[in-house]
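Encoded as C-alpha cells, the structure appears first; notes follow it.
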Amino acid sequence: MKISIKRKFIIGFLLIFYIGYNTMSFFMNKLIVENNKDIIKKELLTFEKDLTTYLRQYFELKNKDMDSNNFNNSSNDIASNLSIKVGSRIMIYSCEGKFLTDSANANGQVLNYEDIDNKQNYSDEDLKLSIDNKSAFTIVPIKDKYLVVFSCPIINNNKNIGIVRSVMDYSEIFSSSKKLLKLTNTFVLLVFGVIFLFVVLLATKITIPILKLSKVTKEVAKGNFEEDITINSKDEIEELSLDFNKMKNKIKNQIETIKNDRDDLKKIAGHRKVFFDNMTHEMKTPLTIISGYSQILLKQDFNDKEFARKSVKKINDESERMHNMIIELLEISKVESKITSDTKEDVNISQIIDVACNDMKIRADKYEIHIEKNVDKEVTVLGNPNELRRVIINIIDNAIKYGYINSTVNVKLFKEHSNCNIIVKDEGHGIPSDKLEMIFEPFYRVAKQTSRETGSSGLGLSIVKKIIDKHNGDIKIISEESIGTEVHITIPLKVYNIVTSC
Ligand code: ADP
C-alpha cells in the first residue's frame with residue numbers, strides 16, 4: 001500500500017503529539033498532587049503542634065492528668081470544643097483505635113460531610129498508623145470537593161493517650177491546581193496545533209515539488225522530454241529541480257545525437273550500397289563490351305578487317321573509360337581519407353583559375369568554345385591546392401563537355417564579404433530542374449548521350465562536392481534547359497591576423 005509523504009508526516013506528528021501530550025499530562029498531574037501534598041503536610045504539622053498545646057492547656061485548666069482515661073472521658077467535650085475552634089469536623093478515638101465520639105453528632109454538624117461516613121470513600125489507613133504513634137492523612141476526593149482526613153496520636157510522656165481525627169476541606173488548593181493544569185493543557189494544545197499546522201504546510205511544500213518531479217520523471221520515462229520543472233522555493237528543492245532539468249536536457253540531447261548518428265549510419269549504409277551497385281554496374285558495362293568484341297575477334301573464321309579495326313578501337317575506348325573511372329574512384333577515396341585534409345596551405349585561387357583556363361583552351365578550341373575570364377587578382381584561401389585545382393578543372397571541363405559548339409564559357413572570380421566566389425557559366429543543354437538535386441550523387445548522369453565524350457563517369461561533381469565541403473565552402477548549380485548552366489562555388493577567404501605592436 002502506498003502512503004504519501006504528507007500522510008506519513010501527519011501520522012508521525014499525531015503519534016508524537018499523542019505520546020508527548022499524555023506523558024506531559026501524567027507528570028504535570030503527579031507534580032501538582034505532590035506539591036499539594038507538601039503544602040497539606042506543612043499545614044498539618046502546624047495543626048498537630050497546636051493540637052498538642054491545646055490539649056495540654058485543656059487538661060491543665062481542668063486540673064486533670066493528661067492520660068488515656070481522662071482523654072476518653074472528656075472526648076465529647078474535646079471534640080466539640082476543638083471542632084468550634086478549628087472549624088472542622090473532629091472525631092476522637094481511643095489509643096487502641098476505638099471510636100469514641102464525633103463532633104458532627106455531639107455538637108451539631110459544623111460541616112456536612114455525610115459522604116465521609118460512607119466507608120467506601122476512604123480507608124482507615126491514617127487511623128491504623130496513628131495507633132502506631134504516627135500521624136497520617138488521607139486525601140478523599142468527593143464530588144467536586146477534596147477532603148483531607150488527618151489522624152493525629154496524642155502523645156504524653158511517650159505514651160499514646162488517644163487519637164484525634166479531623167476532616168478538613170482542601171478543595172480550594174486542588175481546584176486552583178486543576179485550573180493551572182487546564183491552562184497548561186490548553187497552552188500545550190495551542191502550541192501543538194500551531195506545530196501541526198506548520199508540519200502540514202511543510203509537508204505540502206515538500207511534497208508538491210516531489211509530485212511535480214515524479215510527474216515529469218514519468219513523462220521522461222515515456223520518452224517525452226518537453227516539460228521542464230519550475231520550482232521557485234529558493235532552497236535545495238529548487239536546486240534539485242534545476243539539476244533535474246539539466247540532466248533531462250542532457251539525456252534528450254544524447255538521445256537526439258544517438259538518433260542522428262543512427263540515421264547517418266543508415267544513410268551511409270544506404271549510400272554505400274547504392275555506390276557499390278552503381279560501381280559494379282558501371283564496371284560491368286565496359287567489361288561486357290570488351291568481352292563481346294574480344295570473343296568475336298578470337299573466332300578463327302573472322303576476317304572482316306574493317307570490323308576488327310572498329311572492335312579494337314571500341315575495346316581501347318572502353319578500357320580508357322574504365323581506367324578513368326578507377327582513377328576517379330581513387331580520387332574519391334583520397335578526398336575522403338583524412339590524410340589530405342590536414343595538409344592545408346595558402347592557395348592562390350586566381351592563379352589556379354588562370355592556369356586551368358589556359359590548359360583547357362586547346363580542349364575548348366576543339367569544340368569552338370571561347371573561354372572568357374573575369375578573375376580578381378590575389379584571391380587566397382586556405383586549403384589543398386591539388387584538390388582545388390581538380391575542382392576548377394572539373395567544372396570548366398563540364399562546361400565544355402555540355403556546352404554547345406561555338407559558344408562561350410564564362411569564368412568569374414571575386415571576393416564578397418569573407419568569401420571568394422567562383423562562377424562558371426556555360427551555354428548548353430542545361431540540367432532539368434527535377435534532376436538538380438541528384439547531380440552530386442556518385443555515378444549520376446542526367447542523360448548518357450548528352451556528353452559528347454565517352455569518358456563521362458558521373459563521378460566528377462561528387463568529388464567536387466566532397467572537396468568543397470572539406471574546405472568549409474558551398475556549391476550551388478543553377479541551370480535552365482537548352483540555355484545553359486551556372487556553377488556557383490563559395491570558399492571562405494584566408495583570415496589574416498593583424499598584429500599591432502606599441
Ligand atoms: P560526368 O561529367 O563525368 O558525367 P559529373 O559528375 O561531372 O560527371 O556530372 C554529372 C552529370 O551532371 C553529367 O553526366 C551531366 O549529365 C550533368 N552535368 C554536369 N555539368 C553539366 C553542365 N555544365 N551542363 C549540363 N549538364 C551537366
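Even glycines carry a Cβ here, placed using N, Cα and C.
Residues or ranges marked as coiled coil by TrEMBL: 237-268. Long-range contacts of the coiled coil (237-268) within the same chain, counting only residues at least 6 positions beyond its ends with a Cβ under 8 Å from a Cβ of the stretch, are 206, 209, 212-213, 216, 220, 225, 228-231.
Annotated domain 'HAMP' per TrEMBL: 204-256, in sequence order.
Taken from TrEMBL, the feature domain 'Histidine kinase' applies to 278-495.
Under the heading transmembrane segment, TrEMBL lists 9-28 (among others).
Here TrEMBL flags 187-208 (among others) as transmembrane segment.
On the 0 to 100 pLDDT scale, the model's mean across the domain 'Histidine kinase' (278-495) is 88.
Applying DSSP to the domain 'HAMP' (204-256) sorts its residues as follows: 40 helix, 0 strand, 13 coil.
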